[in-house]
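Structure, as structure tokens:
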């Protein structure tokens, strides 16, 4: 799976985190591992221009998705076997997202993770124009985001444990060297 991120927003964000959440969602949705995704981060002026050009709506927005191929998520019972493809582009506006994050009481990173999940789901054909579609998409979005966060927490704890184990191992080697008369 190839995920490219281009940050033209002027705001420092964790590209690794964006790639991580996108890769997680794409994997959970059974998209072919050879799929490609492009993510672009823009400032509010560039996002407002894109929003007007493609959606005919004034002002910036948080996320826009531009699917390249007609795809259905592989996890859906009515979906055909997934094949390699270009999923499309997700465009994020960190400056706009920062305002939303502050209003929601969480970090910009958390907001961008949410918007990345939202953008990937749009690329896979999910929408929220109708109430039943919104209910389905937002429930799936919440579930995927919670699973990704849990996965990140578990990885963090495993990494911390590995660091502790390595320190103990290093100490035991030091004591082994002392007991055998070797100098460290």
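Just so it is clear, glycine is given a Cβ too, placed from its N, Cα and C backbone atoms.
For 118, 122, 128, the entry in Swiss-Prot reads Zn(2+) binding site, with the evidence type sequence analysis. The Cβ of residue 118 (Zn(2+) binding site) has 22 neighbouring Cβ atoms from other residues within 10 Å, across all protein chains displayed.
Positions annotated as compositional bias 'Basic and acidic residues' by Swiss-Prot: 157-184.
According to Swiss-Prot, the region 'Disordered' annotation covers 156-184.
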As a test of the contact definition, list every same-chain residue at least 6 positions from residue 128 (Zn(2+) binding site) whose Cβ is closer than 8 Å to its Cβ.
134, 137, 138
Same chain only, sequence gap of 6 or more: which residues have a CB within under 8 Å of the CB of residue 122 (Zn(2+) binding site)?
65, 67
